[in-house]
Amino acid sequence: MIAQIIIDIPAQQTNRPFDYAIPEALDHLVQPGMRVLVPFGRQGHLRQGFVWQLADTSEFKDKLKPIRKILDLEPVLNQEALDMAAWLAKDTFSFLISCLQTMLPNALRANYQRFFSLKAPLSADSPLIPLLDSPLHGKFPAQLDPKLGQKIKLLEQQGVLTIDYQVSQRLGIKKVLVYRNLLTAAMIQAQLIATRANARQQLLLLNFLHDHLTFTGTWADWQEQLPELSRSTLTSAVKKQWLASQEVESYRRPTSLETTETAHQLTAEQQTALAAINPQIVAQQQQVFLLEGITGSGKTEVYLQALAEALRKGRTALMLVPEIALTPQMVNRVRQRFQKQVAVLHSGLSAGERFDEWRRIERGEAKVVVGARSAVFAPLKNIGVIVIDEEHETSYKQTEMPRYHARDVALYRSSIHHCPVILGSATPSLESRARAQKGRYQLLRLTKRPQAAQLPQVNILDMRQADKVSGKTSLSVNLLTALQQRLAAGEQSILLLNRRGYANFIMCRDCGQVIKCPNCDISLTLHQDIQALKCHYCGHQEPIPQVCPHCHSRQIRSFGVGTQRVEQDLQALLPTARILRMDVDTTSKKGGHARIIKKFGQHQADILLGTQMIAKGLDFPEVTLVGVINADTSLSLPDFRASERTFQLLTQVSGRAGRANKAGEVIVQTYNPDNYAIQLAAKQDYETFYRQEMHLRHLGGYPPYYYTILVSVSHAQEDLTAQKIFQIQRQLLPILSPQAVVLGPVPQMIARINNRYYYQLIIKYKQEPKLFAALQQLTQTMQKESGFQLRIDREPLQFS
Ligand code: ADP
Ligand code: ZN
Ligand code: ZN
């Protein structure tokens, strides 16, 4: 037998299966989707690869080298995943190996250890004897010799041996102990009687347990409840078996599962939506629904009940959210509703935990998967429904190879699994909304908030005319007064500093020079916290200069407003306010988002100040004021989606106010009070925005009227890069129809990154039957020219 192997080298030259012989010892053991080691290249170094297919013959029959070792005893990717990888590679102009790697949990790329347990001792001549570390337990080497692999497989099939995996933890993951009560009420009574009256600490603990039988938490959580409790009391309670202690990773909130959430009584609009969706789950129809619902209209409830319907029908469900760290409330709601059936996949998990979750899904133990972009590849079988929350979010598009959009992968999988897809958003992408207009998606709308909750009153504040707080150009008296009122009333506020298209940089006031990166054509960004300038493209870092490097003037200043500055200013103006800041600096540590969100949710702060990461999915009933410090910055981006992004951001953040029965107010500070995106976001009027923006896209010939493809080349020499992109243009023009438009070639917005030059062109098209073949051809020919890198990005969300 022959195995066709995809070698683990992401390059055009290796982007095809290579034939290898399957040695006799591995006969019937090697299957598609397994990882193996094979000799590769002239030197014959061992390389990892995936078994792609098995075949009977090969044109190189006699010259074939054999597979040396196997890394798996079971395929790590099933046939659906392999087929999906083939589709994805073609659809996104990616290397097959990059697609295969994307579908695997990180853990399989990290170090992991395999163990085995035996039912009975081995015979003395068994080849497994050297692996034993105790009579019934042993450890495998990471790479299995064919003979050994076969032996193990046989023993496993005979039920003599079971295999277990453990992933060695990545460094830097913090573990904490969580303490949980083990006593029943009656046992506590008994202990209270048996305990001496002067054993104050123990009585304190027992009395607390008596009223809180299910309380679970870290030492800090216990301390919060019982400030006088000493740590040694807690430890000795574990020894006495009053409490159990367990190590968990510090970001995990084991308490979150203690509560359960029950389904709401549906509103009429929610009912209508589910009446359309659920029959399609039952009928196993691939139908896409666009659930367009204003913020706080109860889209989540619709998702949850659709997931429940799929489970009732014995199927599984997949739910994607933009970023797990930013949406802890959403994840908790899913877990509270479906408990142990849920697997959560996110980058905050250690490699080991991610692997555990992945295997729970693979084995069918977890039936609901919640996760960010890459969770769309979760190895679920028999999917009954796929939900994509906040479908307009750009984080669903991967910017590195494979450059896929999770929405497209979800649609692909729904066609394989015959299931409906729900795309949900208050501000759908124009692409999706336009498809609903054409009837390709079914539009479902939620136009009201349930119960008493009202949409907030939005005030647009013209910063050209508004009174500013003295000495603060970015803060109006109105906004400050509104903040003071909330403070006095004991209510909470959220403040957005729109940093999209906006950065802190350093400029000399005398010569006007901006401090730039030595490797890239971009200014360095000021990071106050580490007192350094950093390049966001290549990572170059340097200390903040005291004098201008060009003219030696001391008049060197930072421009732009950072969250840190705003926080300082606010604190000076509102000395009693408790302010929480949420931005890249305060959330870079693991669990940073969750900590801040939890604190704010418990009303331990009055003001949450942050960048766009505060705009999404947060649901705090006590928030009655949302302030937008600078609505405009994202309008000036050189991108045809600038208005759409601004509209989305302002709508989302405004939706954070007045979600419960208290009325909400939003103040939007802007220098463009008449701009339609700002005006319509203030009214939460998506439908009018959609029509107006579609009109402009039509005039400009932009998506969704046209498809777009970005072709970019880079090289260390600028002249060669430019020549190459013009050559590509000459190659493509003859095969394109007159309807297609080629923009460029131009240098990229940041033309030099890490001392490589980037040139690009954009093709706008409607129907180009020859284009894809031509681009595939291009990827083939580019391989022969060294030093060039080619990037082809379908429907890019960034044009720079
Ligand atoms: P969205 O996801 O559309 O922004 P949510 O699903 O977060 O909105 O719902 C907003 C609030 O309304 C939540 O607190 C939710 O619990 C509540 N809610 C949703 N559906 C109902 C309902 N049918 N009856 C009462 N409250 C509901
Ligand atoms: Zn200067
Ligand atoms: Zn740089």
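Every residue, even glycine, has its Cβ placed from backbone N, Cα and C.
TrEMBL entries are annotated by machine, without manual review.
Copied from TrEMBL, the annotated features are:
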type	residues	note
BINDING	Cys508, Cys511, Cys548, Cys551	Zn(2+) 1 binding site
BINDING	Cys517, Cys520, Cys535, Cys538	Zn(2+) 2 binding site
DOMAIN	280-446	domain 'Helicase ATP-binding'
DOMAIN	543-697	domain 'Helicase C-terminal'
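A map of TrEMBL features onto the structure.
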{"residue": "Cys508", "record": "Zn(2+) 1 binding site", "contacts (Cβ under 8 Å, 6+ apart)": "Val514, Cys548, His550, Cys551, Ser553, Gln555, Ile556"}
{"residue": "Cys511", "record": "Zn(2+) 1 binding site", "contacts (Cβ under 8 Å, 6+ apart)": "Cys548, His550, Cys551, Ser553"}
{"residue": "Cys535", "record": "Zn(2+) 2 binding site", "contacts (Cβ under 8 Å, 6+ apart)": "Cys517, Asn519, Cys520, Ile522, Leu524, Thr525, Gln541"}
{"residue": "Cys538", "record": "Zn(2+) 2 binding site", "contacts (Cβ under 8 Å, 6+ apart)": "Cys517, Asn519, Cys520, Ile753, Asn754"}
Lowest local Cβ density among Cys517, Cys520, Cys551, which the record lists as binding-site residues, within 10 Å: Cys551
Sequence-ordered binding-site residues from Cys508, Cys517, Cys520, Cys535, Cys538, Cys551 with Cβ under 6 Å of an atom of ligand 2: Cys508, Cys551
Of Cys508, Cys511, Cys548, Cys551, binding-site residues neighbouring ligand 3, Cβ under 6 A: none
Cβ within 8 Å of the mean position of the Cβ atoms of Cys508, Cys511, Cys548, Cys551: remaining residues of the chain near Zn(2+) 1: Arg509, Asp510, Gly512, Gln513, Pro549, His550, His552, Ser553, Gln555, Ile556
Segment-level pLDDT (mean, integer) for the domain 'Helicase ATP-binding' (280-446): 92
Cys508 (Zn(2+) 1 binding site) in three-state DSSP notation: strand
